[in-house]
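Some features that TrEMBL has for this protein:
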- 12-32: transmembrane segment (TRANSMEM)
- 52-78: transmembrane segment (TRANSMEM)
- 90-107: transmembrane segment (TRANSMEM)
- 119-143: transmembrane segment (TRANSMEM)
- 163-185: transmembrane segment (TRANSMEM)
- 197-219: transmembrane segment (TRANSMEM)
- 250-271: transmembrane segment (TRANSMEM)
- 291-309: transmembrane segment (TRANSMEM)
């Protein structure tokens with residue numbers, strides 16, 4: 001997605017929005033640290049938002065989370081399956097089915113401790129793989145590719161809203177650790193009730209992500225022509241593997257299996273938890289309740305299979321739509337900021353600045369999201 005505006009502009013967007021998300025994830029972690037129900041019970045983020053910001057904000061957050069998780073699983077299933085299908089003889093629809101079974105296994109577990117522990121191992125392995133892939137890409141980086149800049153409305157270029165749609169939407173999405181934070185907060189807070197470890201760990205992880213994403217964007221955009229990346233409907237690993245051959249296919253396959261596989265588990269956990277919260281007040285037989293909790297995931301898988309068969313799929317487009325759901329959280333909290341963790345971590349003027357920073361991209365995204373970039 002960032003190939004359309006160039007690596008230098010892409011790095012600027014990554015750093016700017018990344019620092020904003022460092023603050024927001026610190027606020028959420030601080031709120032979790034002061035909430036006993038997170039530490040001692042199976043309470044999901046929507047209920048915490050209701051406690052701090054009121055019922056209307058909780059409903060807004062639940063709807064945004066539902067749409068976000070649905071789009072997230074769509075994107076992960078598509079990115080996972082198309083990338084592995086390009087590197088192996090196994091068709092994409094089989095990879096979708098296998099990933100779905102893995103998601104079902106984890107959401108049916110009684111504890112997420114194993115998920116948190118595996119996240120540490122997978123995270124470390126993913127960092128090593130990203131750095132190795134970046135080093136390979138840097139060996140064929142070209143100055144012309146690195147110097148490419150195509151900002152809309154700059155240098156005589158026409159204003160193309162689809163560039164903003166993909167760039168801002170995708171970047172907001174890659175910093176999506178806020179939902180995963182809710183999955184591991186319970187385990188972390190039991191070991192450190194003060195919440196300091198959770199705040200520092202979440203902030204440090206996101207800062208490290210900014211650095212890794214910038215390295216990756218510069219390396220890939222330097223090695224592959226921007227028009228080639230712009231035409232790709234899957235992940236950047238597909239054209240990278242086509243150019244570098246077997247080494248990237250092996251490393252890329254391992255990375256997709258580990259990284260995208262794990263993050264899809266966290267998205268499935270959030271969707272499962274939200275479904276369980278919605279259905280909890282209803283009188284449903286305990287025999288059928290577990291199956292109903294899996295209905296949203298099953299529908300997503302079936303739609304993904306249909307999209308693959310009909311060849312109507314774009315990893316970047318679906319990912320960019322998810323990014324548009326970040327600013328509404330700020331909108332829903334605006335009237336209730338005195339009740340949240342904002343006053344502890346940031347001052348009012350900073351919160352207002354971030355609110356105004358988030359609204360223009362969200363408005364542009366909402367206005368033009370239906371256009372398909374060529």
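Backbone N, Cα and C define each Cβ position, glycine as well.
Fewer than three CB pairs closer than 8 A are found between the transmembrane segment (291-309) and the transmembrane segment (12-32), and contact between the two stretches is not assigned (pairs 6 or more residues apart). At the 8 Å Cβ threshold, with sequence separation of at least 6, the transmembrane segment (90-107) lacks contact with the transmembrane segment (197-219), having fewer than 3 such pairs. Counted over residue pairs 6 or more apart, the CB atoms of the transmembrane segment (52-78) and the transmembrane segment (250-271) come under 8 Å in at least three pairs, which marks the two as touching. Between the transmembrane segment (12-32) and the stretches 119-143, 197-219, 250-271, the greatest number of Cβ pairs separated by less than 8 Å involves 197-219.
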